[in-house]
(Lines of atoms letter the chains of each structure in order from A and count residues from 1; the text may use other names and numbers.)
(Lines give C-alpha, C1' and ligand atoms only; values in the text may rest on other atoms or scores of the structure.)
Protein backbone atom coordinates (compact mmCIF):
# COMPACT_ATOMS: atom_id res chain seq x y z
CA UNK A 1 0.00 0.00 0.00
CA UNK A 2 1.08 3.56 -0.70
CA UNK A 3 0.14 6.25 1.82
CA UNK A 4 0.47 9.96 1.12
CA UNK A 5 -0.20 12.76 3.58
CA UNK A 6 -0.62 16.44 2.74
CA UNK A 7 0.44 18.40 5.81
CA UNK A 8 2.00 21.66 6.95
CA UNK A 9 4.03 19.76 9.55
CA UNK A 10 5.76 16.78 7.90
CA UNK A 11 8.07 16.23 10.89
CA UNK A 12 5.08 15.22 13.01
CA UNK A 13 4.95 11.96 11.06
CA UNK A 14 8.51 10.89 11.87
CA UNK A 15 7.36 8.57 14.71
CA UNK A 16 5.36 6.52 12.20
CA UNK A 17 8.66 5.45 10.67
CA UNK A 18 9.63 3.70 13.90
CA UNK A 19 8.72 0.31 15.36
CA UNK A 20 6.31 -1.95 13.44
CA UNK A 21 5.37 0.58 10.76
CA UNK A 22 9.02 1.48 10.27
CA UNK A 23 9.85 -2.17 9.66
CA UNK A 24 6.95 -2.42 7.20
CA UNK A 25 8.32 0.59 5.32
CA UNK A 26 11.84 -0.86 5.30
CA UNK A 27 10.73 -4.16 3.78
CA UNK A 28 8.43 -2.52 1.23
CA UNK A 29 5.07 -3.56 2.67
CA UNK A 30 4.22 0.12 3.12
CA UNK A 31 5.23 3.04 0.90
CA UNK A 32 4.90 6.23 2.97
CA UNK A 33 5.22 9.85 1.78
CA UNK A 34 4.47 13.23 3.37
CA UNK A 35 4.07 16.36 1.25
CA UNK A 36 4.31 19.85 2.74
CA UNK A 37 1.62 21.67 0.79
CA UNK A 38 3.12 25.03 1.73
CA UNK A 39 5.71 24.21 -0.93
CA UNK A 40 2.96 24.60 -3.53
CA UNK A 41 1.76 28.10 -2.69
CA UNK A 42 1.72 30.75 -5.42
CA UNK A 43 1.89 33.89 -3.25
CA UNK A 44 5.12 35.59 -2.20
CA UNK A 45 4.49 35.06 1.52
CA UNK A 46 3.75 31.32 1.14
CA UNK A 47 0.39 31.74 2.85
CA UNK A 48 -1.88 28.70 2.81
CA UNK A 49 -4.86 30.32 4.55
CA UNK A 50 -7.09 33.36 4.13
CA UNK A 51 -10.19 35.01 5.59
CA UNK A 52 -13.60 33.52 4.73
CA UNK A 53 -15.84 35.38 2.31
CA UNK A 54 -18.88 36.75 4.14
CA UNK A 55 -16.94 37.24 7.35
CA UNK A 56 -16.57 35.03 10.38
CA UNK A 57 -13.94 33.98 12.87
CA UNK A 58 -10.75 32.17 11.95
CA UNK A 59 -8.95 31.42 8.72
CA UNK A 60 -9.66 28.88 5.99
CA UNK A 61 -7.25 26.62 4.18
CA UNK A 62 -6.95 27.81 0.58
CA UNK A 63 -7.82 25.51 -2.31
CA UNK A 64 -4.84 26.26 -4.56
CA UNK A 65 -1.99 24.74 -2.47
CA UNK A 66 -4.02 21.59 -1.83
CA UNK A 67 -5.01 21.14 -5.48
CA UNK A 68 -1.42 21.58 -6.65
CA UNK A 69 0.04 19.33 -3.95
CA UNK A 70 -2.52 16.69 -4.90
CA UNK A 71 -1.51 17.00 -8.55
CA UNK A 72 2.10 16.35 -7.50
CA UNK A 73 1.04 13.23 -5.60
CA UNK A 74 -0.92 12.00 -8.61
CA UNK A 75 2.06 12.57 -10.89
CA UNK A 76 4.43 10.70 -8.57
CA UNK A 77 2.10 7.80 -7.77
CA UNK A 78 0.14 7.50 -11.00
CA UNK A 79 -3.14 8.23 -9.21
CA UNK A 80 -4.35 10.41 -6.36
CA UNK A 81 -5.46 7.44 -4.31
CA UNK A 82 -8.50 7.21 -2.06
CA UNK A 83 -8.47 10.73 -0.63
CA UNK A 84 -9.41 11.11 3.04
CA UNK A 85 -10.20 14.50 4.55
CA UNK A 86 -9.83 14.71 8.33
CA UNK A 87 -12.89 16.64 9.41
CA UNK A 88 -15.16 16.68 12.50
CA UNK A 89 -18.15 16.41 10.16
CA UNK A 90 -16.93 13.11 8.71
CA UNK A 91 -18.02 9.58 9.55
CA UNK A 92 -16.66 8.36 12.85
CA UNK A 93 -13.53 6.23 12.64
CA UNK A 94 -13.60 2.75 14.11
CA UNK A 95 -12.18 -0.74 13.67
CA UNK A 96 -14.43 -1.48 10.70
CA UNK A 97 -13.42 1.69 8.86
CA UNK A 98 -9.75 0.76 9.38
CA UNK A 99 -10.40 -2.67 7.91
CA UNK A 100 -12.20 -1.08 4.96
CA UNK A 101 -9.38 1.39 4.27
CA UNK A 102 -6.84 -1.44 4.39
CA UNK A 103 -8.42 -2.83 1.21
CA UNK A 104 -7.28 0.24 -0.75
CA UNK A 105 -3.99 0.20 -2.64
CA UNK A 106 -3.35 3.93 -2.17
CA UNK A 107 -4.56 6.31 0.55
CA UNK A 108 -4.02 10.06 0.59
CA UNK A 109 -4.79 12.08 3.73
CA UNK A 110 -5.41 15.82 3.83
CA UNK A 111 -4.43 17.05 7.28
CA UNK A 112 -5.70 20.59 7.60
CA UNK A 113 -5.34 23.40 10.11
CA UNK A 114 -7.11 26.65 10.93
CA UNK A 115 -10.88 27.10 11.11
CA UNK A 116 -11.64 24.84 8.19
CA UNK A 117 -11.32 24.25 4.46
CA UNK A 118 -12.29 26.15 1.36
CA UNK A 119 -15.31 24.11 0.25
CA UNK A 120 -13.78 23.52 -3.19
CA UNK A 121 -11.14 21.26 -1.63
CA UNK A 122 -13.88 18.70 -1.08
CA UNK A 123 -14.01 18.15 -4.84
CA UNK A 124 -10.80 16.14 -4.42
CA UNK A 125 -12.11 14.07 -1.53
CA UNK A 126 -13.48 10.51 -1.55
CA UNK A 127 -13.98 10.10 2.19
CA UNK A 128 -14.38 12.36 5.22
CA UNK A 129 -13.43 10.87 8.58
CA UNK A 130 -13.57 12.10 12.17
CA UNK A 131 -11.94 10.51 15.21
CA UNK A 132 -14.79 11.61 17.45
CA UNK A 133 -16.87 14.46 18.78
CA UNK A 134 -14.02 16.77 19.69
CA UNK A 135 -11.73 19.21 17.90
CA UNK A 136 -7.95 18.93 17.50
CA UNK A 137 -5.60 21.72 16.48
CA UNK A 138 -4.91 19.97 13.19
CA UNK A 139 -5.48 16.83 11.18
CA UNK A 140 -2.03 15.32 11.71
CA UNK A 141 -2.83 13.41 14.90
CA UNK A 142 -6.02 12.05 13.37
CA UNK A 143 -4.17 10.95 10.24
CA UNK A 144 -1.53 9.17 12.32
CA UNK A 145 -4.15 7.28 14.32
CA UNK A 146 -5.95 6.17 11.16
CA UNK A 147 -2.72 5.17 9.40
CA UNK A 148 -1.52 3.13 12.36
CA UNK A 149 -4.84 1.34 12.86
CA UNK A 150 -5.27 0.68 9.14
CA UNK A 151 -1.73 -0.58 8.56
CA UNK A 152 -2.27 -3.35 11.11
CA UNK A 153 -4.54 -5.08 8.61
CA UNK A 154 -1.99 -5.08 5.81
CA UNK A 155 -0.17 -8.33 4.98
CA UNK A 156 3.41 -8.42 6.30
CA UNK A 157 2.95 -5.45 8.65
CA UNK A 158 2.32 -7.34 11.89
CA UNK A 159 4.65 -10.18 12.69
CA UNK A 160 1.69 -12.43 13.47
CA UNK A 161 -1.55 -12.01 11.52
CA UNK A 162 -3.39 -13.65 14.41
CA UNK A 163 -2.52 -10.57 16.47
CA UNK A 164 -4.66 -8.40 14.22
CA UNK A 165 -7.44 -10.95 14.05
CA UNK A 166 -7.64 -11.31 17.84
CA UNK A 167 -7.30 -7.62 18.70
CA UNK A 168 -10.07 -5.83 20.54
CA UNK A 169 -13.03 -4.85 18.32
CA UNK A 170 -12.19 -7.44 15.64
CA UNK A 171 -15.49 -9.17 16.36
CA UNK A 172 -17.26 -6.51 18.45
CA UNK A 173 -15.71 -7.95 21.60
CA UNK A 174 -12.99 -6.52 23.79
CA UNK A 175 -9.85 -8.59 24.13
CA UNK A 176 -9.61 -11.19 26.89
CA UNK A 177 -7.05 -10.78 29.73
CA UNK A 178 -3.58 -12.08 28.94
CA UNK A 179 -0.65 -13.13 31.13
CA UNK A 180 3.03 -13.98 30.76
CA UNK A 181 5.72 -15.35 33.10
CA UNK A 182 5.98 -15.68 36.03
CA UNK A 183 2.87 -17.71 36.78
CA UNK A 184 2.83 -16.30 40.32
CA UNK A 185 3.83 -12.64 40.66
CA UNK A 186 3.85 -11.60 44.32
CA UNK A 187 0.79 -13.69 45.05
CA UNK A 188 -1.05 -12.71 41.87
CA UNK A 189 -1.54 -16.00 40.07
CA UNK A 190 -2.33 -16.73 36.45
CA UNK A 191 -5.68 -18.55 36.07
CA UNK A 192 -5.08 -22.30 36.20
CA UNK A 193 -6.97 -22.95 32.96
CA UNK A 194 -4.36 -21.05 30.94
CA UNK A 195 -1.65 -23.46 32.07
CA UNK A 196 -3.78 -26.59 31.74
CA UNK A 197 -2.88 -27.37 28.13
CA UNK A 198 -6.58 -27.95 27.42
CA UNK A 199 -7.06 -25.83 24.31
CA UNK A 200 -10.85 -26.17 24.27
CA UNK A 201 -11.11 -24.99 27.88
CA UNK A 202 -8.68 -22.14 27.20
CA UNK A 203 -10.75 -21.01 24.19
CA UNK A 204 -13.93 -21.12 26.27
CA UNK A 205 -12.30 -19.13 29.09
CA UNK A 206 -11.03 -16.51 26.65
CA UNK A 207 -14.43 -16.14 25.03
CA UNK A 208 -16.13 -15.83 28.40
CA UNK A 209 -13.66 -13.22 29.61
CA UNK A 210 -14.02 -11.27 26.37
CA UNK A 211 -17.77 -11.27 26.87
CA UNK A 212 -17.36 -10.27 30.52
CA UNK A 213 -15.05 -7.36 29.72
CA UNK A 214 -17.27 -6.16 26.88
CA UNK A 215 -20.42 -6.38 28.99
CA UNK A 216 -18.77 -4.47 31.84
CA UNK A 217 -16.96 -1.80 29.83
CA UNK A 218 -18.56 -1.49 26.38
CA UNK A 219 -22.05 -3.02 26.47
CA UNK A 220 -22.93 -1.03 23.35
CA UNK A 221 -20.69 -3.36 21.32
CA UNK A 222 -22.87 -6.33 22.21
CA UNK A 223 -25.86 -4.59 20.65
CA UNK A 224 -24.18 -4.90 17.24
CA UNK A 225 -23.22 -8.55 17.60
CA UNK A 226 -25.38 -11.57 16.84
CA UNK A 227 -24.57 -13.88 19.76
CA UNK A 228 -24.28 -17.61 19.31
CA UNK A 229 -26.10 -19.89 21.74
CA UNK A 230 -22.78 -20.61 23.48
CA UNK A 231 -22.13 -16.89 23.88
CA UNK A 232 -25.63 -16.29 25.22
CA UNK A 233 -25.15 -19.07 27.77
CA UNK A 234 -21.77 -17.69 28.86
CA UNK A 235 -23.17 -14.18 29.14
CA UNK A 236 -26.04 -15.46 31.28
CA UNK A 237 -23.50 -17.16 33.56
CA UNK A 238 -21.56 -13.90 33.86
CA UNK A 239 -24.65 -11.90 34.74
CA UNK A 240 -25.60 -14.34 37.49
CA UNK A 241 -22.17 -14.71 39.08
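Start at 1 and count along the chain as shown; that gives each residue its number.
Note that Cβ sites are derived from N, Cα and C of the backbone, with glycine treated the same way.
Worth saying up front: this structure is predicted, and the values here are computed from it rather than measured.
According to Swiss-Prot, the protein has these features:
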type	residues	note
BINDING	112, 131, 132, 133, 134, 135, 136	S-adenosyl-L-methionine binding site
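Within the same chain, residues at least 6 positions away in sequence whose Cβ sits under 8 Å from that of residue 134 (S-adenosyl-L-methionine binding site) are 88. Within 10 Å of the Cβ of residue 132 (S-adenosyl-L-methionine binding site) there are 11 other Cβ atoms, across all protein chains.
Neighbour density around each Cβ, counted as other Cβ atoms within 10 Å, peaks among the binding-site residues 135, 136 at 136. Site extent for S-adenosyl-L-methionine: among the recorded binding residues 112, 131, 132, 133, 134, 135, 136, the largest C-alpha separation is 17 Å.
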